[in-house]
Amino acid sequence: MSTRAEAEAMGHISSDGNFNMAQAQTSRKGFCSVRHGLALIVHLCNFSIFTQQMNLSIAIPAMVNNTALAGPSNTSTERPPTAPQDSWSETLKEFKPMAPTYDWSPDMQGIILSSLNYGSFLAPIPIGYMSGIYGAKYLVGIGLFLSSVLTFFIPLAADAGAAFLVVIRIVQGITQGMVLTSQYTIWVKWAPPLEKSQLINIAISGQLLGSFIIFLIGGFLCQTIGWPYIFYIFGGIGCACSFLWFPLFYDNPINHPFISTGEKEYIMRSLAQQDSSPAWSLPIKAMVRSLPLWAILIFHFTEFWSFYIFMDYTPTYFSTILQANVRDSGILTSLLLVAAFICTIFGGLLADFLLSRKLLRLMSIRKLFTAIGVLVPSAALVSLHWTRSSLSATMALLALSFSTTTFCQVGAFVNFLDIAPRYTGFLKGLSQVFAHTSGAISSTLAGFIMNQDSEFGWRNVFLISASVNVSGLVFYLIFGQAEVQDWATEQTLTYF
């Protein structure tokens with residue numbers, strides 16, 4: 001049933017399609033509302049998924065530590081604690097357990113890090129389609145639980161060989177795609193138009209908080225209790241979050257047992273004109289011919305090109321270029337993520353403020369925030385090569401890049417909710433395919449470039465990333481739209 005039909009069935013829409021805004025305002029309740037509580041629950045799920053997604057990035061420098069003792073031909077050795085790098089390490093040396101290390105080349109490390117994306121090329125499409133039909137509750141809950149269980153097996157898979165680890169990561173990528181793809185269908189039913197940006201950004205900020213926590217304490221865990229415990233600890237947290245998800249989440253405000261009548265009416269009325277009824281058939285031909293849709297998909301490919309390089313190689317950049325140890329590189333990366341987390345929340349609130357005050361049209365907001373989220377980080381990326389000798393300058397540029405990139409979250413990344421709300425799940429899945437494809441290519445290519453050219457490898461990686469990002473922005477600025485497309489309305493559907 002569509003949102004409008006549901007509202008009419010509840011008797012909330014007058015004959016002219018309007019509703020009492022005064023009553024609606026009194027039922028919004030700000031951040032104490034159930035819908036904001038729901039955003040926090042999704043925030044926790046994203047937190048868990050990204051701790052599991054990023055834990056290998058912070059652990060891999062310790063897993064391939066060059067100071068490891070020579071071992072047998074299976075490329076794995078048990079190493080005692082290495083010589084302390086400072087007094088902090090000396091104090092903790094006696095508590096360090098023995099942990100295996102592996103002889104993985106930069107090329108192999110790139111393959112392992114990018115393998116999370118390999119299994120996600122096609123999985124998000126059926127996942128997104130199913131979430132549009134059946135809702136997100138079971139897809140998110142089951143996906144989070146399975147990803148958490150697989151996290152426990154990563155140390156065993158690494159010890160069995162790189163091939164086993166790649167297989168585990170591929171399957172884990174599919175389960176994580178269930179969470180990251182299907183969650184966007186939640187906001188079709190729960191997010192009023194003037195609060196959509198802030199609710200989505202509260203939810204996805206959990207991704208940054210999760211990355212922040214894993215980078216902050218991941219290095220500490222590696223040097224104290226051993227890198228395998230990164231996977232055990234955050235796998236356990238993910239399982240706990242999945243157990244909380246099922247009793248607390250509901251796909252529709254109508255069915256929620258704890259929501260107030262006023263808030264329920266406000267949500268239903270604000271979405272009354274939106275046709276969000278699930279559709280079993282898809283207008284494939286019309287989608288293929290839709291330039292606004294292609295603008296979103298191409299932008300996902302180009303923007304996630306640098307995103308995955310950032311996430312996979314930032315600790316490596318700190319350890320190789322800035323000569324930071326595992327612990328310090330994790331702390332430095334976490335500081336960048338704090339800036340990104342703050343800007344994510346701020347960006348959502350600012351976008352909704354501009355829209356509610358009618359200072360900018362929706363399409364202007366989408367394009368403006370997208371342009372800021374691409375041009376500023378690209379300029380910072382290109383400048384990194386010439387500031388690598390200065391830690392403060394490098395950190396300032398990276399902080400600027402990390403924080404302003406988040407503006408895309410209220411730009412092109414949520415634009416599919418504007419042009420086709422009834423196909424949100426499917427289109428998010430389709431965009432995830434483009435994003436994961438980009439991540440698999442960029443991470444692998446970055447590892448290859450750095451292995452071939454140790455002196456200028458990072459510079460070349462940054463230049464290529466900036467060029468790819470700007471090309472996607474230009475295409476989006478030309479063809480992006482924010483109006484519901486004809487093929488996404490029930491009256492004009494044409495199927496393949």
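Residue numbering: from 1, along the chain as shown.
Backbone N, Cα and C atoms are what each Cβ position is placed from, and that goes for glycine too.
Sequence annotations record features per position, and here TrEMBL assigns domain 'Major facilitator superfamily (MFS) profile' to 38-484. The transmembrane segment annotation in TrEMBL covers 138-158, 164-187, 199-221, 227-250, 291-311, 331-356, 368-387, 393-417, 429-449, 461-479.
Fewer than three CB pairs closer than 8 A are found between the transmembrane segment (393-417) and the transmembrane segment (138-158), and contact between the two stretches is not assigned (pairs 6 or more residues apart). Contact between the transmembrane segment (331-356) and the transmembrane segment (227-250) is absent: fewer than three CB pairs lie under 8 Å, with pairs separated by 6 or more positions in sequence.
Long-range contacts of the transmembrane segment (461-479) within its own chain (CB-CB distance under 8 A, at least 6 residues past either end) are made by residues 291-292, 294-296, 298-299, 301-303, 305-306, 309, 367, 370-371, 374-375, 377-379, 381-382, 384-385, 412, 442, 445-446, 449-450.
Looking at 138-158, 199-221, 227-250, 291-311, 368-387, the range that has the most CB pairs within less than 8 A of the transmembrane segment (429-449) turns out to be 291-311. Between the transmembrane segment (138-158) and the transmembrane segment (227-250) there are at least 3 Cβ pairs closer than 8 Å, counting only pairs 6 or more residues apart in sequence, which means the two stretches are in contact. The list of residues near the transmembrane segment (227-250) in space but at least 6 beyond its ends in sequence, with Cβ under 8 angstroms from a Cβ of it, reads 38, 41, 44-45, 47-49, 51-52, 55, 58-59, 62-63, 99, 136-137, 140-142, 144-145, 147-152, 154-155, 214, 218, 221, 256-257.
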